[in-house]
């Protein structure tokens, strides 16, 4: 399990040896993976090395600092390098936030999604903040993901892998290193773990001590998530209690109550048949964490050698991904990521060349291990129908196994007449429809969805059944970065996806 694990092992030791060793600045041999990964009847993973594409960046020896020899983008310029090194040295002595075994478990689950046997639900804030850090916010986002998980599992009749953009999603890439207002030019806001969002010189100076605060907030967030996941809150018997107050009297709330009632009836049948509903699988849930691998000094400081496998894991999260702006084949971020054993995501827009994607996957997953690579597409509905088929064919032609996931958020950001950034629910849904259509056309598997969302009753994305208009945006617009789906919109989207998963299972009777 992931967040159902406790702080003690069965043998009673305080912490597992795995992932507790401090970083060693030495060369790491290429990892050797031995896998007996389960497959379905349709697809058998190749385990031999792909020789069709070989890229020079992966031929050099990897170590924890080899990324520093590569071109680095989107990294802040800290004015006090001595202070920076002091903070990083301190962070490198701190306990890991997650354990290597949990990351391996997630990789196995994602391998199932790559073969069409599971579905990834990845969601959370665009960017976590120090100001909005509270137990209620964490609980509400976790709760709506539980609801969405039930809806998707019921529709798809397959396991749902729940991964939060939580407990570490602070840093944000910027299109411009500087921001200008009224003739004043200051460094751009890069996330609370780098600098402050207030538009003044002091706030915008990168402060390395913010990394320590981000670490402690991530630890606290994960601690609460572990408690929710294993302490009874996530038990299926509570399926009727997960509705948020503001979604209760809505169409989505009504649909969810109907589904929850059906789940209750099924559990009642299980009890009557003598099957226990008190089993761990019914009273707990697996929940993993993820964030963009952007602030490399922080990621390096939290990377540990796993004593059970000898591999290096970035113990800041179970899964991390490389963004559109930092996925250069010869870049620092790709160099860092190729040496760690976590499951990895690759954000892909309509600009991605199919051959480049094949090369990037080969650098990051030379052993072609299922679950290692998740390709997260973000390109808008029209581009999705044109570009995605070529990417799928190129990856399949190279014999590579990946989990295909749709991020319908980032390709649909627009500016409202009032000047606020927003996203249209109809556009988000259209991109998801295109994603499923293309995979149906290509005979590949739609493996998951990646959403920027919150459990709060915000008004940041327009549309949905409880229609939010441009005029409504300013009433509860709280995001520090990009607009997020609120709980009602997220649940509505989950029902639409569930119907499409059901269509794949039963035939073309439903439409997204």
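Backbone N, Cα and C atoms are what each Cβ position is placed from, and that goes for glycine too.
Look at Swiss-Prot and you will find 126, 410, 452, 482 tagged as Mn(2+) binding site. Here Swiss-Prot flags 165, 324, 325, 347, 378 as substrate binding site. The region 'Disordered' annotation in Swiss-Prot covers 37-57. Annotated transit peptide per Swiss-Prot: 1-57, in sequence order, evidence recorded as sequence analysis.
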To the nearest whole angstrom, what is the C-alpha distance linking residue 410 (Mn(2+) binding site) and residue 378 (substrate binding site)? 6
In whole Å, note down how far the CA of residue 165 (substrate binding site) lies from the CA of residue 126 (Mn(2+) binding site). 8
Cα of residue 452 (Mn(2+) binding site) to Cα of residue 165 (substrate binding site), in Å and rounded, measures 8
List the other residues in this chain whose Cβ sits within 8 Å of the Cβ centroid of the Mn(2+) site residues 126, 410, 452, 482, in sequence order. 409, 413, 423, 481, 483, 484
At 10 angstroms around each C-beta, which of the binding-site residues 165, 325, 347 has the fewest other C-beta atoms nearby? 325
Give the residue from the binding-site residues 452, 482 that has the most other Cβ atoms within 10 Å of its Cβ, counting over every protein chain displayed. 452
What same-chain residues, at least 6 away in sequence, bring their CB to under 8 Å of the CB of residue 324 (substrate binding site)? 173, 347, 348, 349, 351, 378
What Cα-Cα separation, expressed in whole Å, is found between residue 325 (substrate binding site) and residue 482 (Mn(2+) binding site)? 16
Where does residue 452 (Mn(2+) binding site) sit in the DSSP three-state scheme? strand
10 Å Cβ neighbour count around residue 126 (Mn(2+) binding site)? 20
Per DSSP (helix/strand/coil reduction), residue 325 (substrate binding site) sits in coil
Rounded to the nearest angstrom, how far is the Cα of residue 165 (substrate binding site) from the Cα of residue 482 (Mn(2+) binding site)? 14
